[in-house]
Amino acid sequence: MEPTLNYRPRRTMLYVPTHVERYLEKARGLAADSIVFDLQESVPPQHKQTARDVLLNAFSNSSTFEYSERIVRINPLSTEWGEQDLAAIKNLDIDAILLPRIESAESLLQYIEQIDDVFSNKLNIMINIESPLGVLRAEEICAASGRVSCVVMGVTDLSNELKITQTNDRAGLLTSLSLVVLAARAHKKCVIDGPHFDLKNVQACEFSCRQARDLGFDGKAVVHPIQLDYTNDAFTPKLDDINRAKAIITAIKQANEEGRNVAVIEDRLIEPSLREWAERVLTLYDTVKELGQNELIGASR
Ligand SMILES: CC(C)(COP(=O)(O)OP(=O)(O)OC[C@H]1O[C@@H](n2cnc3c(N)ncnc32)[C@H](O)[C@@H]1OP(=O)(O)O)[C@@H](O)C(=O)NCCC(=O)NCCSC(=O)C[C@H](O)C(=O)O
Ligand SMILES: [Mg+2]
């Protein structure tokens, strides 16, 4: 049975090319916080209709994908494929639509209007930022609509258009990654890093997960089930974090009762804003526990 979550973790966002039926069936049992049923980039032109048919069929059998959030990435709404995708999925039991390659506030607002004309309920909207122009305009794009809940980096298209050298430390991408985190956070949106494509290089992928977490991302996209465990783990609070979060909440509460705004724990000054971090860590911890994944907590990374 699907647990009912009060809080939506997005540590992992698995892209599933939708024309491949066995991937959809596999996805039903995977520990991905979110699944992106992709009708766009991973589906070749000659399989666009097959992809829509397979997706509809998979949802007609059962729309259950464990606890995973169900997101459909459609083709750009400026194209016929995009309009056909929207018409095809209008009755599906999904949580969100992911719009690829958003480059302006104006086109975003127009696409949301198009979606609202088709879906009777106000669907959650997510966007890919994956071009130099998209990165430079990330702030105005994020400011444009409260309907956008989540921004997902598209690092392949971006790397390609920036003409950067791809290295394990992602030096060439750091400015863009941080600009998008800044824009998303300024407008209180969730923000997800793009995937790591070197499937066999687990060490490099683990590094990019930790780097994404340290840059402020809520989670990371993944392209193969093999990447799920360690990506989930990188974004899951560890015992040290949980103990520290609990100590901070207790110390600030006690300081407030004593008429002070700050506390001190082991010679470190604790500002009131840290309480927000502590509450976020505990909420994520509780949710992961609810999902039965608490065995991951405490793994040393
Ligand atoms: C990379 C792949 C082509 C590899 O596929 P395959 O050779 O089939 O892998 P395996 O045999 O190792 O698979 C092992 C089992 O896992 C299942 N599987 C594999 N991939 C997926 C998946 N993505 N989702 C669900 N299940 C998956 C296989 O079925 C095997 O299980 P079983 O059948 O029980 O044996 C393939 O992984 C792949 O196509 N990945 C996704 C690629 C993709 O989506 N690319 C585009 C997204 S990234 C992007 O667009 C971001 C942005 O726009 C940008 O520009 O950066
Ligand atoms: Mg792309």
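Counting begins at 1 with the first residue displayed.
Cβ atoms are placed via backbone N, Cα and C, with glycine included.
Per TrEMBL, the feature substrate binding site maps to ARG73, GLU130. The Mg(2+) binding site annotation in TrEMBL covers GLU130, ASP157. Under the heading domain 'HpcH/HpaI aldolase/citrate lyase', TrEMBL lists 11-225.
This prediction places the mean pLDDT of the domain 'HpcH/HpaI aldolase/citrate lyase' (11-225) at 96.
Fewest other C-beta atoms within 10 Å: among the binding-site residues GLU130, ASP157, that description fits ASP157. With a cut-off of under 6 Å between the Cβ and any atom of ligand 2, the binding-site residues ARG73, GLU130, ASP157 reduce to GLU130, ASP157. For ARG73 (substrate binding site) paired with ASP157 (Mg(2+) binding site), the C-alpha to C-alpha distance reads 15 Å. In the three-state DSSP reading, ASP157 (Mg(2+) binding site) counts as helix. A Cα-Cα distance of 6 Å separates GLU130 (substrate binding site) from ASP157 (Mg(2+) binding site).
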